[in-house]
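Below you'll find the structure, written out as structure tokens, and then a few comments.
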Amino acid sequence: EMKLSAVSKKLWCVHKQLLLLLAPLVFLPLLFTLPEKEGKCLYVILLMATFWCTEALPLAVTAMLPVCLFPTLGILPAKKVCPQYFIETNFLFLSGLIMASSIEEWGLHQRIALKVLSIVGVKPAWLILGMMLTSSFLSMWLSNTATTAMMLPIASAILESLFGDLETLKQKCQSLDDPESALINGTLCAVTEFLKTNETNTAEEIKSEAQYQMKVWKGFLICIPYAASIGGTATLTGTAPNLILIGQLKSYFPDCDLINFGSWFAFAFPLMLLFLFLGWLWISFLYGGLNSRLCFKKHDCRAQAEAKAKALIIEDYKKLGPINFAEGAISFFFVLFAVLLFTRDPKFVTGWSVFFKKGYVSDAVTGVIIVSILFFFPSQKPSLRWWFDPQAANTPYVPLLSWKKAQDSVPWNIIMLLGGGFAMAKACEESGLASWIGGHLQPLADVPPAAAVMLITAFLACFTEFASNTATIIIFLPVIAELAMRVSVNPLYFMIPATVGCSYAFMLPVSTPPNSIAFASGHLMVKDMVKTGFVMNILGILSVSLAMNTWGVAMFNLHSYPEWAHPVNKTAIALVPFSSVPPLNATL
């Protein structure tokens, strides 16, 4: 038994290396059992999916495998694979990241956070709402990870002013639950002191108050990563899966111009608000924030603590001082960035792109124009007096953003990951693998499209709990696009819910970096995340289904099979007569 245990430990130490050796051998039969080109393409995709899900190789290194394997296996020439790594969509992503790094550089995100928290008030439920609104708004523009990392210390400071030191709170809960173990640990004296100073309260009241405070603390910590994940779905640059969708749409359906920054925001922002509200109700209900004190004032020890927390937020905001020239300039360019992207071609009204040659100016062009200005716009207010004053200090010119700061802030691994996804999609399309898989999905033609939307969202929301959301959407989006064409349903009707569903990873600490950061604080347990996240996933699936079947249908004309989806897959459409498939509008 000892030997077996030792061997298993040794194997675990080298499990990633074993995976790297065994996975290529396990998938080898695919090369001989499937049609030649399709088999080779599927071999590479399964290999990459395995490495991504297990992280046997760093995600970015796995993303570079298409450059090695597609040309050597004769699937795609290198001149077609390599350009996929820095297509137009990646420039849009890069411009969003550079804008985010300039916001972080001048502390504008902290000012926004403290201002929102000072407005919403400090009763637990309202404060959780303030935390969620701030986190979701910031993660629309910053990365979800950066938002969570910034908001958690703010949350901890507010909680300490509300409830005191967390360790003391834990001791109270433990001591009152188990006096014997508390005596052994020497913590009962702290509680005895607390009882002396609060003679009017019984031990039972103190115990229930301490447990309530611990629950609220957990609610605070758990709402931030969840809100960051939800907020990222509202803008195209908010999270990588949204960019994968637009990149793959351009690859599969070159004539589809329905989705850009403005039209995506018009669809996804109301969905984000709906899900955020439902999520707030659930988290507040579960962690004690929803009670009669939500709307009615009550003068007790809690009210005193809340007043103290409010004072802390206001004091922290005052410490930032008045808005300086650099913060004002960044605010202006940030608003300009968002407005120009939103109004370029929002579909429901005529955008400013009509002033340029049709098809020439894209979201990427807009983003790069704005962020380029940041590298030369001054961070200090220019003064004419300086030129004529020989005594004035000759300080060096400092722009709003330096290239070194931008270079350090940009997660280049995610850009490689996007490129790997686009290369994989290109290979699926050109090798005929997507059509081959689509042919084997024929039985799904009998599933009503509205039910299929819920199934797709649920499946991907579950799968992304164990794998990176970017890797998940890269693997499944080509299959989902092919499925939609096989059953003669508007591809966007399946592809949009799949993309949004990939960001709904709430159940495990390893699901997303924000979840990991919140869990690493040491105050959350896995069971807390599973219990909260399971219901969050259900609420997310229902919200997406509602959005797709109401305003989504109207915005993207989802009730009919579009003209732009015909030319790419004539053979597939010929195989499935329209009459054999229930029309989409019959199920809506």
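Each Cβ is built from the backbone N, Cα and C atoms, and glycine gets one as well.
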Matching range for TrEMBL feature annotation, transmembrane segment, among 85-103, 408-426:
85-103
Is it the case that the transmembrane segment (43-73) and the transmembrane segment (264-288) touch, counting contact as three or more CB pairs under 8 Å in which the residues of each pair are 6 or more positions apart?
no
Under 8 angstroms for C-beta pairs, at least 3 of them, ignoring pairs fewer than 6 apart in sequence. Is the transmembrane segment (320-340) in contact with the transmembrane segment (85-103) by that rule?
yes
Do at least three C-beta pairs under 8 angstroms join the transmembrane segment (360-377) to the transmembrane segment (123-142), pairs 6 or more apart in sequence?
no
Selection from 85-103, 123-142, 264-288, the stretch that has most Cβ pairs under 8 A to the transmembrane segment (220-244):
123-142
List, by number or range, the same-chain residues at least 6 past the transmembrane segment (264-288) whose CB is under 8 A from its CB atoms?
124-125, 128-129, 132-133, 136, 212, 215-216, 218-219, 222-223, 226-227, 230-231, 233-236, 242, 246, 342, 346-348, 496, 500, 531-532, 535-536, 539-540, 543-544, 546-547, 551-552, 555-556
